[in-house]
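Undergrad: I grabbed these lines from TrEMBL:
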ACT_SITE  Asp7  active site, nucleophile
BINDING   Asp7, Asp9, Asp204  Mg(2+) binding site
ACT_SITE  Asp9  active site, proton donor
BINDING   Lys179  substrate binding site
Amino acid sequence: MPGFLLDLDGTLYHGDQPIAGAAEFIRWLKEHGYPYLYVTNNSSRTPEQVAAHLAKVGIDAAAKEVLTSAQAAALYMQEQRPGANAYIIGETGLQLAMQEGGFTTADEAPADFVVQGIDRSFSYVKLAEAVRRIRAGAAYVLTNPDHLLPWNNELQPGAGSISASIERASETKPVVIGKPSPIIMNYAIRRLGLPKEHIWVVGDNLLTDIQGGIAAECHTALVLTGLLTRETVQEHVERTGVKPELVCDNLQQLSGHIQAIL
Ligand SMILES: [Mg+2]
């Protein structure tokens with residue numbers, strides 16, 4: 001039985017706009033009982049907020065079907081040092097994941113971790129506080145490396161752009177949690193509960209979704225509904241050296257392919 005690790009933005013929706021056929025694809029998965037998990041590098045939303053956003057674009061989703069990079073960061077930090085003190089640079093999704101993960105955020109105590117995601121109120125003060133803690137020995141954890149995010153036909157700085165300043169000033173490389181990191185991929189594969197040979201990693205981004213899927217030794221399907229088009233895909237594959245097993249115009253093609261090979 002196949003299982004699916006599904007990207008969100010550019011795969012199931014564009015911002016607030018549904019992508020044609022995405023809701024049908026999820027229904028097809030449910031009808032066949034194929035296991036799936038929404039895996040997102042976005043640390044700003046809680047799983048409940050992700051599910052609510054999916055509902056808005058016509059996809060009936062539950063919070064337990066979502067794995068965010070913020071949740072994966074909490075799982076990783078629990079393995080390293082449960083109950084530790086963390087300095088957080090991030091939004092609701094990250095703050096809540098840390099709280100639920102049992103981490104403290106006391107300013108008086110030395111930080112064991114600096115954990116950072118996208119923070120649209122990032123400031124020089126936060127930069128300085130993070131750098132001071134990392135220089136004093138805190139481990140630096142980055143939810144996701146994406147340096148640009150598509151937003152209403154523009155590109156906005158992502159968590160990776162904030163981390164560039166922290167990395168520069170602390171002279172420390174972060175542990176990266178989100179796709180293509182094996183850290184989130186391994187938690188996702190474990191949650192799905194299938195052997196990796198049965199798992200398809202589906203997304204629109206070669207450098208996060210597809211590279212993560214290849215590194216995890218899963219099947220990979222690139223959908224041309226987000227970052228790339230038929231016209232641009234070949235050039236990007238050649239430039240990045242990241243070659244998906246399957247390139248699909250949309251999710252219908254993917255379900256057709258899966259049905260054909262089963
Ligand atoms: Mg995407």
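Glycine is treated like the rest: Cβ placed from N, Cα and C.
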Undergrad: Beyond Asp7, Asp9, Asp204, what residues of that chain have CB atoms within 8 A of the centre of the Mg(2+) site's CB atoms?
TA: Leu8, Gly10, Thr11, Leu12, Gly203, Asn205, Asp209, Val223, Gly226, Leu227
Undergrad: So which recorded positions out of Asp7, Asp9, Lys179 are up against ligand 1, CB under 6 A?
TA: Asp7, Asp9
Undergrad: Give the distance between the Cα atoms of Asp204 (Mg(2+) binding site) and the residue listed as 'substrate binding site', rounded to the nearest whole Å.
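TA: For Asp204 (Mg(2+) binding site) versus the residue listed as 'substrate binding site', the Cα atoms are 12 Å apart.
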Undergrad: Around the C-beta of Asp9 (Mg(2+) binding site), how many further C-beta atoms are within 10 angstroms, looking at every protein chain?
TA: 21
Undergrad: Using Cβ-Cβ distances, find the residues under 8 Å from Asp7 (active site, nucleophile) that belong to the same chain and are at least 6 apart in sequence, listing them in sequence order.
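TA: Long-range Cβ contacts: Val39, Thr40, Lys179, Val202, Gly203, Asp204, Asn205, Thr208, Asp209.
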